[in-house]
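Residues or ranges marked as compositional bias 'Polar residues' in TrEMBL: 1-15, 630-640. What TrEMBL records for 1-22, 528-549, 621-640 is region 'Disordered'. Look at TrEMBL and you will find 19-213 tagged as domain 'Poly(A) polymerase nucleotidyltransferase'. Annotated ATP binding site per TrEMBL: 98, 99, 100, 107, 112, 113, 114, 166, 227, 236, 245, 246, in sequence order. The Mg(2+) 2 binding site annotation in TrEMBL covers 112, 114, 166. Under the heading Mg(2+) 1 binding site, TrEMBL lists 112, 114. The domain 'Poly(A) polymerase central' annotation in TrEMBL covers 218-362.
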């Protein structure tokens, strides 16, 4: 396989195996480059991306205490297991950091640290989650302690003297762990289980990135700028199908390899140049894929058929090499490429002296970008249940995006990573509420015949997926529910404060959000299926409660409320009055899929579809007891 980015004609094109090549430019920076870099630094300062020395000292102190704490625990454990005193005295143990802190791009006010506890062979994973967990519980400095053993990478989360720590665990096949242990050596992976290998991977990848960049100072400043830009433009979220911190770091590291002498201002511009024109899904790698005697599974589309479906592969440099972006979908990649293109245009203007760096960090005006949106609402009766609920919902939203983009009439399904609290009306109706917004772009109708777009299956499949996982994890509680509402842009003020929706003057309209369809909005509630999660950003902040009352009481007949989640519109070229342009949305499902139960919640919805003279209709009966055949009243949005 030969992969390379295709860049613009005025630049040399990187060639070679997997896109790896000699540097594109070795030219030394000019005085102008230094000036632009200083201006870039000044533009970033207001956003708090630079950590002050007091914060740095506090984190260093906390990590030192935690390291001593781990060594003490491992030594005590050795004694309890009756190891010889000669071994007990030198078993060691060590804390390694990874992620943003290890990369040196920690930001001001961001107190979390990703850390790895490395232990010798006599320490079991069960010891970490039992005796070590109890030892932490008894420490006065430790707050908000919780263990997540069933995660892909099992972790203990806690606050140590005000610093949030995410601590993962790995035991090595060694009787002792010395202070000079180097985890970059592949031999440390020998005879380890897959969970330990995953835990080690974060530290090994971070250290390898730092080793492969030619100039750490330029790399770190450029990465700070790119991460700030990504967060401001809404494309920083691995869980939502965009890129996480390690993926952004690897992209920046690749640019630093291609332009080893360039300063940050130039590197930021080249970052957008290269990746706006990269020939995805050709992968980005920092070094060639390597063989190993350990024979662990690595990313390789020549061997693994599933790897061929990755749409934006960015491959970790440490063995076993993996794709860090398997969550990326066609839609999220399209959104990121569009943002790369905008970044290139803006930085070109900046370097020409026609603009300043603050323009690069202007936030995305997501709520003016599209004409059509889905509002996804997750709610629960209590704050504790809500925090659990939204974590699961959030972790599965990328499933909904994938379902929607597979609809033949949808070209883009763009989720805004930030969630929003429900307003006062929603709080009174459903308790604690969080909302996510997805922008939709529909294909243009090819004829004057009304086109029906059925979103029922994709949305129902999403709710069923989350519901079943919540049921399997035994975390479903009465009152947990999720709803999907289709709205047009002009109806967003029913859900959001006015300040969030302020239009920008002379806003650039991108090709990706162009849409000529004219849909009228009607309320649709999808599914009181139940889910679960763990973020605490949302609760009861009021916004436009009176407006929401209006949308909740839209004149929708019972028949409309029981239709499929169906959107209909005629060809944009046909002569149709606005009143004839219609979007019908509905389908409320009551209760869980068959086989899932919630305490005190046994209502189900039986639906059957039929086609009448080419029109898709749905009849539905809500039955409170699945064993009973007697129909009850239809649900309608106005009844809530």
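Placement of Cβ uses the backbone N, Cα and C atoms for every residue, glycine included.
Between the CA atoms of residue 98 (ATP binding site) and residue 166 (Mg(2+) 2 binding site) there is a gap of 10 Å, rounded to the nearest whole number. Spacing of residue 227 (ATP binding site) relative to residue 166 (Mg(2+) 2 binding site) is 20 Å (Cα to Cα, whole number). If you measure from the Cα atom of residue 114 (ATP binding site) to that of residue 166 (Mg(2+) 2 binding site), you get 5 Å.
Recorded residues residue 112 (ATP binding site) and residue 166 (Mg(2+) 2 binding site) have their alpha carbons 7 Å apart, per Cα-Cα distance.
In this entry, ATP is bound by 98, 99, 100, 107, 112, 113, 114, 166, 227, 236, 245, 246, whose most widely separated C-alpha atoms sit 20 angstrom apart. Cβ neighbour count for residue 112 (ATP binding site) (all protein chains, 10 Å cutoff from its Cβ): 16. Its Cβ placed at the centre, residue 227 (ATP binding site) has 21 other Cβ atoms within 10 Å. Across the fold, the C-alpha of residue 100 (ATP binding site) and the C-alpha of residue 166 (Mg(2+) 2 binding site) stand 12 Å from each other. The number of other CB atoms found within 10 A of the CB of residue 166 (Mg(2+) 2 binding site), across every protein chain shown, is 18. Over the domain 'Poly(A) polymerase nucleotidyltransferase' (19-213) the predicted model carries a mean pLDDT of 91. Residue 245 (ATP binding site) sits 15 Å from residue 166 (Mg(2+) 2 binding site), taking the Cα positions as reference. The Cβ of residue 100 (ATP binding site) has 21 neighbouring Cβ atoms from other residues within 10 Å, across all protein chains displayed. The highest number of surrounding Cβ atoms within 10 Å, among the binding-site residues 98, 114, 245, is found at 98. For the domain 'Poly(A) polymerase central' (218-362), the DSSP counts in helix, strand and coil order read 74 helix, 6 strand, 65 coil.
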